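What TrEMBL lists as domain 'STAS' is 495-689. Annotation source TrEMBL lists transmembrane segment at 61-88, 147-172, 179-200, 258-277, 305-324, 345-367, 382-402, 409-426, 441-471.
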Amino acid sequence: SSLAGGGSQPRGVCSRKRAFQIARSFLPILEWLPNYRVKEWLISDVISGVSTGLVATLQGLAYALLVAVPVGYGLYSAFFPILTYFFLGTSRHISVGPFPVVSLMVGSVVLSMAPDDNFLIDGSNATGTNGTGTLIDTESRDAQRVLIASTLTFLVGILQVIFGVLQIGFIVRYLADPLVGGFTTAAAFQVLVSQLKIVLNVSTKNYNGVLSIIYTLIETFEKIGTTNIADLTAGLLTIFVCMVVKEINDRFKHKIPIPIPIEVIVTIVATGISYAADLEKKYNAGIVKSIPRGFLPPEPPDVSLFSQMIAASFSIAIVAYAIAVSVGKVYATKYDYAIDGNQEFIAFGFSNIFSGAFSCFVATTALSRTAVQESTGGKTQVAGIISAGIVLISIVALGKLLEPLQKSVLAAVVIANLKGMFMQVFDVPRLWRQNKVDAMIWVFTCVASIILGLDLGLLAGLLFGLLTVVLRVQFPSWGGFGNIPGTDIYKKVKDYKNVIEPEGVKILKFSSPIFYANIDGLKSSLKSTVGFDAVKVYNKRLKALRKIQKLIKKGKLKATKNGIISEPGINNEAFETDEDPEDNEDLQVPTKEVEIQVDWNSELPVKVNIPKVPIHSLILDFGAVTFLDIVAVRSIKTIIREFERIDVRVYFASYQDNLISQLERSAFFDDIVRKDIFFLTVHDAVLYIRNQMTYSDNQDPIFEKVRISSSTFPFLLPSSVHSCNFHYSMARLKTRHRAVVQIK
């Protein structure tokens, strides 16, 4: 019993340890919070949290304009997501909350599902009007838009949790850096256009879908005469001041301990001016008007809307995750810790589910806000939770003070924060120099996102990026290789001056897996490397032999065991035009079966243009071939037979280990195609071919069979290492493809 009892305790310990490991993987706070250095980190986190909270408050208000909901809901979106990410997130530095690109994507869904036209009412019941005098029930419209935004946020959260549970965080790998750069630049342009009408205080329709940005620009400039000067002045001054101070922050970041919170300063000043000058009444300026105090009770999502927003929610979930993870990885690398991609999916998923219940819109991270949190000394997510406390104070107590603030100032703050994304345009020339395909992906994604909208543009850019991968695999690099003298190293002939191709041998390297889509590319590269078409050569030789057979039958030529000779006193009428119609009759050779040897590279007694074959061996370097499909296996076997019948031996070198078993499963090997044509390196194959040629030169039995003067019959020559030697049994040429080929 003591042994049993002694054995049970370790099992209990192991189970508790395992349970703690599982809990720690799901709640990363259990890993970093116990190791929190209070004396070293707390003051830095407090300073960082306060600075970030002020910026988050202002950005929450500003980005609500992109979602087309009342600005007060932006404060909720800057508060609630932080609470859950504090427990579930693995990044210690990112500032969780709204981001302009994601906010604009949410806003496009909101505007498409709840346009102004759905809320037109009679004048007696109107609570608001648009610029053209059409009466709109703004209260009902805003309530519906908030419901749509929160429902979309809830659905995005569900998708992100599913992605995390299914361990498919790798999906973000398909969003390559050039694609993300082009997409975010296009999104910045979309944000600029959407905020332009707010800076001008020009009323336009809300366009969505293809070319919506063009329609918005056209209508904005058509109505530019109605611009509110007070709003325009405030917006331009805000943009100028913010961009100048941000530039100062960047240039002197090593000398300034804390970046100047210019957005907060500008907002406070603009609010005071607007309140003191009463800009709304005197100049009809557009102001925030109403910011709710306190919190709204949680509400369930409208599940009936899921079917209408599932496609958009998928793209938003991926983009929001990709932005957060990419920013998080930058700071994780800088501070030497790791973030878990799948756990990040789960963390943002639960954050969006939780915040969606409190009328928020989708959360990710903002580059500028995260930079503030890190540059002001933030060490952990304690800074994030303190920033949430600052937002909480704004929601509970300070919101009322911001009601006189002009909307154009908020729009200007959004525009000023787009500088970093617009600067990505200068990446294109560098990308073009480094990799033209990546530059094309960047430009295509950017243009597609501007024209088609962010959701369709992202999909188009993703498909274009995948297409470039397919094309690069379908048309890979290839080339003939030669030997660097005195070494066993082989390099591409076109790229190096001093490489020498082995005599009578061609070496081809195909740098790609071989499958049904690029097998034609392999065939064409083979033709370019060897300089002839094996099938055409074979057919031309058969045609020449049929003509010789005709002449033998007519008595113009005579076949003997010593070769082919002309009858005495008979003119040789063998030179027939190559365009003569071929006789398909089954010709009988009126001679005994004799073996003759033909040098196909010399002049023949018939006028048939036969391509020269200057090689006797072909080596295929498969070092870069990772897999073959069944179409490729069959095609390669056909290629081997095509070259074998024109006396060119095919060898394989530098193959991957898995290819042999793959070829065995595909029934590649038989009596003709054997494993002895495979070599570990190209040099091994070249040495083997040289030995074979030397042995063939010394042991060739044809020297005993054929003794004919090359001056009398130049097309009948002795065998040599450098000639292509074929032995055709003339009596077997009754059908087109029954020439007997023996390799010498």
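Backbone N, Cα and C atoms are what each Cβ position is placed from, and that goes for glycine too.
Remember, predicted model here, so these are calculated numbers, not experimental data.
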Long-range Cβ neighbours of the transmembrane segment (409-426) (under 8 Å; 6 or more residues past either end):
58-59, 61-63, 65-66, 71, 100-101, 181, 184-185, 187-189, 191-192, 195-196, 198-199, 234-239, 242-243, 246, 263, 266-267, 270, 288, 366-368
For the transmembrane segment (441-471), find every same-chain residue at least 6 residues outside the stretch whose CB is under 8 Å from a CB in it, and list them.
101, 104-105, 108, 174-176, 178-179, 181-183, 185-187, 189-190, 208-214, 311-312, 315-316, 319, 427-428, 431, 517
When you scan the chain for residues with a C-beta under 8 Å from the transmembrane segment (345-367), skipping those not six or more beyond its ends, what do you find?
26, 59, 64, 67, 69, 73-74, 76-77, 80-85, 88-90, 94-100, 102-103, 105-106, 146, 149-165, 168-169, 295-296, 298-301, 316, 319-321, 323-324, 327-328, 417, 420
Seg_contact(the transmembrane segment (305-324), the transmembrane segment (61-88)) with at least 3 CB pairs under 8 angstroms, min sep 6:
no
Residues of the same chain, at least six outside the transmembrane segment (61-88), with any C-beta under 8 angstroms of its C-beta?
26-29, 96-100, 103-104, 106-107, 110-111, 142, 145-146, 149, 191, 194-195, 198, 206, 288, 290-292, 295-296, 343, 346-348, 350-352, 354-355, 358-361, 363, 381, 384-385, 387-388, 391-392, 394-395, 399, 402, 405, 407, 410-411, 413-414
